Amino acid sequence: MKILIFIIASFMLIGVWCKEGYPMGRDGCKIPCALNHKFCKTECQAKWKGSDGYCYSTGMSCYCTNLPENAEVWDPNNNKCVG
């Protein structure tokens, strides 16, 4: 039973440290890319050191991983994109 609680607690901690999402430009829109992973990685690391990023081919937008909890990312429910 103790091991089960430990595993559940570990997954909860991993979720806290592994925020992901689309970074936003100044206009509140997702940052577009054309399958250029290096560009997206640079964009993600410029905003949040230690993060990683890639070009998400389905949405043609940069996607960042390993973000800090306070990182502001694009939210489809609260879309502020004016472009």
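From the backbone N, Cα and C atoms, a Cβ is placed for every residue, glycine too.
Swiss-Prot lists Cys29-Cys81, Cys33-Cys55, Cys40-Cys62, Cys44-Cys64 with the feature disulfide bond, giving sequence analysis as the kind of evidence. The feature domain 'LCN-type CS-alpha/beta' is assigned by Swiss-Prot to 19-82, with sequence analysis given as support. The annotation signal peptide is assigned in Swiss-Prot to 1-18.
For the disulfide-bonded residues Cys29, Cys62, the largest tally of other C-beta atoms within 10 A is found at Cys62. Closest in space to Cys44 (disulfide bond), of the disulfide-bonded residues given as Cys29, Cys33, Cys55, Cys62, Cys81, is Cys62, taking the CA atom of each residue. Geometry remark: Cys64 (disulfide bond) versus Cys40 (disulfide bond), CA distance 8 Å.
Every protein chain considered, the tally of other Cβ atoms within 10 Å of the Cβ of Cys33 (disulfide bond) stands at 21. Cys81 (disulfide bond) and Cys62 (disulfide bond) have their C-alpha atoms 15 Å apart, to the nearest angstrom.
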